[in-house]
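Asks: Sharing the feature lines straight out of Swiss-Prot:
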{"type": "MOD_RES", "residues": "Ser110", "note": "phosphoserine"}
{"type": "BINDING", "residues": "Ser110, Asp248, Asp250, Asp252", "note": "Mg(2+) binding site"}
{"type": "ACT_SITE", "residues": "Ser110", "note": "active site, phosphoserine intermediate"}
Amino acid sequence: MARLFGTDGVRGVANRDLTAELALALGSAAARRLSTITTATATDSAERARRVAVVGRDPRASGEMLEAAVIAGLTSEGVDALRVGVLPTPAVAYLTSAYDADFGVMISASHNPMPDNGIKIFGPGGHKLDDATEDRIEELVHAGAVARPTGTGIGRVLDAEDALDRYLRHAGKAVTTRLDGLTVVVDCAHGAAWAAAPRAYRAAGANVIAINAEPTGLNINDNCGSTHMDVVRAAVVEHGADLGLAHDGDADRCLAVDATGHVVDGDAIMVILALAMQEAGELAANTLVATVMSNLGLHLAMRAAGIDVRTTSVGDRYVLEELRSGEFSLGGEQSGHIVMPSFGTTGDGIVTGLRLMSRMAQTGSSLAELADAMHSLPQVLINVAVADKTTVAQAPSVRSAVAAAEAELGDTGRILLRPSGTEQVVRVMVEAADEDTARQVAARVAESVSLQG
């Protein structure tokens with residue numbers, strides 16, 4: 001049986017893979033595993049210490065169904081559900097800590113298309129769960145029904161009316177220099193950032209032009225947001241803005257565009273923030289944490305600045321693990337997941353946007369000038385849809401194609417092939433001295449993957 005949890009929670013097509021029944025079972029299992037008191041002590045006493053779980057979601061249509069199912073699972077185990085509504089994933093993580101909840105649940109499929117949805121669980125303090133805890137929850141999902149509380153022991157559903165304001169006050173602490181005079185276009189992806197991001201940036205003083213900020217439940221990530229940067233690029237040029245920011249469906253990512261429409265990806269953002277934090281004496285151990293997907297240009301820029309780079313597997317959970325184990329202060333991914341542990345336990349697109357604009361305001365430099373600290377090697381990424389991503393990635397013919405590509409590139413580039421943690425695809429990434437070489441090498445390797453798929 002395939003593992004229920006992927007690299008970022010449980011995901012699938014809503015009502016087919018991720019059903020209401022599964023959502024209820026996950027809510028129930030999480031309550032049993034993560035609550036701090038047992039069901040046996042929580043059956044009849046109205047004076048008992050209530051266990052609490054924060055529950056949030058993005059605006060996709062299936063979120064309402066899955067939210068109701070998760071809450072049913074929680075309350076059936078005697079856990080109160082503190083419903084915070086449509087909020088970014090990092091807000092739910094923060095509020096899990098701020099409300100001193102036992103755990104938190106975010107219902108979102110992030111950058112995935114509208115038919116998909118997902119369930120992500122945060123432990124105490126808003127931290128992502130480790131593999132062992134996820135495995136135990138999965139065991140409980142498959143274990144079936146158990147004796148449950150009755151009467152006053154059943155959990156209640158509460159609404160946190162101050163949730164958004166509380167998160168915005170927290171995010172605002174990331175502002176080191178007021179943003180007065182800066183004009184920013186923000187693409188909210190018709191997602192969880194639709195209200196939070198424009199408010200956060202305006203509160204910091206920026207002139208904000210919000211686009212794709214009218215969620216219907218059906219239009220999340222639909223040709224917009226951080227996976228469709230051409231939209232914000234065009235808007236920045238049209239409005240003559242200083243920069244553009246693009247979030248994904250749950251706003252844990254942030255990518256940027258300079259005034260000319262040039263994309264500033266997560267690698268470049270990390271370089272900008274690392275240099276700023278080094279200057280301020282805030283870069284712990286003079287170290288940045290990045291993943292194997294980060295461009296070689298990031299490593300060269302950090303080496304020139306005397307900053308060490310710790311490299312992890314792909315996925316912000318692995319970045320988080322390295323940040324926590326090494327007590328580092330900055331890490332992230334090329335995709336725009338940027339983590340600053342002093343501000344949160346997970347990637348926060350809005351905090352990233354505020355920090356990036358603060359650096360612009362502090363230095364008086366344009367985003368293009370700041371991004372010039374890093375020069376990326378041409379990078380080509382091809383996603384190949386396959387039936388069994390793990391088997392295909394390990395096929396002898398595919399490994400042979402990768403070895404041949406590595407021999408061809410030598411010291412002038414690199415290749416990375418890996419199964420996606422969230423989609424049924426194998427990702428082929430190639431960096432080379434010139435784009436033509438990168439494309440040709442990537443195409444050959446992708447063809448070998450496709451033939452196996």
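Note: Cβ is positioned from N, Cα and C throughout, glycine not excepted.
Keep in mind it's a predicted model, so treat the numbers as computed, not measured.
For the listed features, I'd like the structural context: burial, neighbours, distances.
Replies: Annotation for Ser110 (phosphoserine): spatial neighbours Asp8, Thr89, Gly118, Asp248, Gly249, Asp250, Asp252, Arg253, Thr422, criterion Cβ-Cβ under 8 Å with sequence separation of six or more. Ser110 (phosphoserine) falls within neither a helix nor a strand when secondary structure is assigned with DSSP, and so counts as coil.
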Asks: Within the same chain, and leaving aside Ser110, Asp248, Asp250, Asp252, name every residue whose CB is within 8 angstroms of the centroid of the CB atoms belonging to the recorded Mg(2+) site, in sequence order.
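Replies: Neighbours within 8 Å of the Cβ centroid, excluding Ser110, Asp248, Asp250, Asp252: Asp58, Pro88, Thr89, Ser108, His111, Gly191, Ala192, His247, Gly249, Ala251, Arg253, Gly347, Gly349.
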